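Inspection log for the structure reproduced underneath, given as structure tokens.
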């Protein structure tokens, strides 16, 4: 059996760590003791870092909004400068429309209490004037309508072809507005037509689309409405009924043949009507050449109309 060799003496203990200034506490020994060598650090989970995504989204939205607002302001400024320059160069003015003659040629309202109908004919003459020197107006077809001013009872409609209104030009437009058995409201027809008396207050509307041409530049056409009101027309008198001839029996007393007495009967014609019994004259007939009235009746010789611009946004028209 092999002999074991033991060290002659115990190993020297590790040297003690140097003390600070003498008498200080000794530091930890080296190497570290076994329990301290294999001790694992305590795991302490850290709180998750907060992401600042919401703040970045808000910042980007604010930047986009500011840029869009700046672009809109610049566009508005450019448009204002361009509009001011155009106004200073051309001095544009709106066209003027004047009703120069109007005549109610025929008017008939059926006596139905539930569904009365109106049959009428109105001749209208409108004078259009362009006061500009370099601006030309381009009109589409006009749609003319006539109605009573109080309750809007329709009295007729017509269509007039459009035209190019040259600068400084005056154009006369004549049309005949007719209504053929148009059903109307009984109460409105009764108050506006049947109880109106010898004159009726009417209103006229003309709808079209108009554009502007300056030199070789044309703008997009927009809707306009020419509104004329406060015009009174005379209701035509109904045709006079012919009077029947009345015979008058006259008995004449005298001598018969050879001194005989006898009676004779004669028929005398009815006396001619006097001047006071003459029927009211019928309305003046229309001329076959231009369908304009021979003697138009209008409340004012030149009644100005109002030009309104119609703006359509999606389904709404202003």
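Cβ atoms here come from the backbone N, Cα and C positions, even for glycine.
Nobody curates TrEMBL annotations by hand; they come from automatic prediction.
TrEMBL assigns the feature transmembrane segment to one of the listed ranges (59-90, 91-122), namely 59-90. Helix, strand and coil counts under DSSP for the domain 'Late embryogenesis abundant protein LEA-2 subgroup' (125-228) come to 9 helix, 64 strand, 31 coil. Summed and averaged per residue, pLDDT over the domain 'Late embryogenesis abundant protein LEA-2 subgroup' (125-228) gives 91.
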